[in-house]
Amino acid sequence: MQSTIKPVEYDRPVAAGTVCGVGQAWAKVPDAPSAEERAALKARIKALLAREKAVLVAHYYVDAELQELADETGGCVADSLEMARFGRDHDAQTLVVAGVRFMGETAKILSPNKRILMPDLDATCSLDLGCPVGEFSAFCDAHPDRTVVVYANTSAAVKARADWMVTSSIGLEIVADLHARGEKIIWAPDRHLGSYIQKKTGADMLLWQGSCLVHDEFKGIELDLLRAEYPDAKVLVHPESPENVVAQADVVGSTTQLIDAAVKFDAKRFIVATDLGILHKMQLAAPGKTFIAAPTAGNSATCKSCAHCPWMAMNGLANLADVLERGHNEIFVDPAIGERARLPIDRMLEFAAAHKKRVQASGDLQRDQSLFANVGAA
């Protein structure tokens, strides 16, 4: 059973002063600096992080140079929730989030007394854009008998309307547990991840019809052709991808689980169906192996993302240096919303602890080897 709610079009024109659509995001992507400029910017950022007593956390999907900076300065490169948890547990009172807005909000929810900065506050997420809190709340109100489960890729306001928040690495287990208890579910916002979980668990789920711009563009027919070209390659797929892509996967998993799979598999070649930003960490974790991007266009079709999130690409060295220099672009979450939004997050963390499952990994592959035991073939 699926929702009939029409999703918000995330490539629509957006008024000035609000989050930006796809075209506006690509227009705001910083130009690549020269080698000389890059070196100067990195040195400046390191000095500013020290001056501000700040720590940099970066998502796997941002550009490699930002991931390198986070690693080099004692920060963190990870999934969205681990970014927030790292910031919460770190001594620094200023956390700089290189990612998209919901990640900054989640960091603020877990660290309400810390200063959370972002290189560009317009950097958003198509899943967040496609699930406006007003429409979503009305949909939930129309189905009061259902437990509301939302994905991490949502605004603080949507999280505050939920009973549970989940990540891609634990969503399956939580929904299976709810289903075993006879609970009916509203799932938001990603329809592909929701459908994957629904098929695996048999749960009664109403699916909000959102999608990730990047993962929604992966093409099943073209992937099949690419697999024929590289028959020795293992296929790694994020579950936000369409069903005909997920069906061809050797492993379906979260970003960290896919990195772990690249390390643990004996294969020397991998086809990867997630954002290209992850390839930097995969190449570091599994040197000597080859990673091929899954196709996002075919049969004369074009792609809007071409396997790289335009909002993630808005994070650059220059605007990172600027936000540290000026102290602007601070994330604020209404305290009442933040307090309510923390409840579904804490519920997930308590479930993970009770089931001895790590919800997200830290990027430390030695520590996180057990994660891969929870990932099965599609």
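Cβ coordinates come from backbone N, Cα and C, glycine included.
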Residue among Cys76, Cys125, Cys131 sharing the [4Fe-4S] cluster site, where Swiss-Prot lists Cys212, Cys309 as binders: Cys125
Co-listed iminosuccinate-binding residue [Swiss-Prot; alongside Ser80, Tyr151, Ala152, Asn153, Ser168, His238, Pro239, Glu240, Thr255] among His59, His90, His179: His59
Separation of alpha carbons, Cys309 ([4Fe-4S] cluster binding site) and Asn153 (iminosuccinate binding site) (Å): 13
Beyond the site residues Cys125, Cys212, Cys309: chain residues whose C-beta lies within 8 Å of the centroid, for [4Fe-4S] cluster: Tyr61, Val100, Ser126, Leu127, Asn153, Leu213, Val214, His215, Asp275, Trp311, Met312
Nearest of the binding-site residues (His59, Tyr151, His238, Glu240) to Cys212 ([4Fe-4S] cluster binding site), judged by Cα-Cα distance: Glu240
Cβ neighbour count within 10 Å of His238 (iminosuccinate binding site): 27
Count of other CB atoms lying within 10 Å of the CB belonging to Cys309 ([4Fe-4S] cluster binding site): 26
For His59 (iminosuccinate binding site): intrachain residues, at least 6 apart, with Cβ closer than 8 Å: Val77, Ala78, Asp79, Ser80, Met83, Ala98, Gly99, Val100, Met103, Gly277, Met312
Whole-number Å value for how far Glu240 (iminosuccinate binding site) lies from Cys125 ([4Fe-4S] cluster binding site) (Cα to Cα): 13
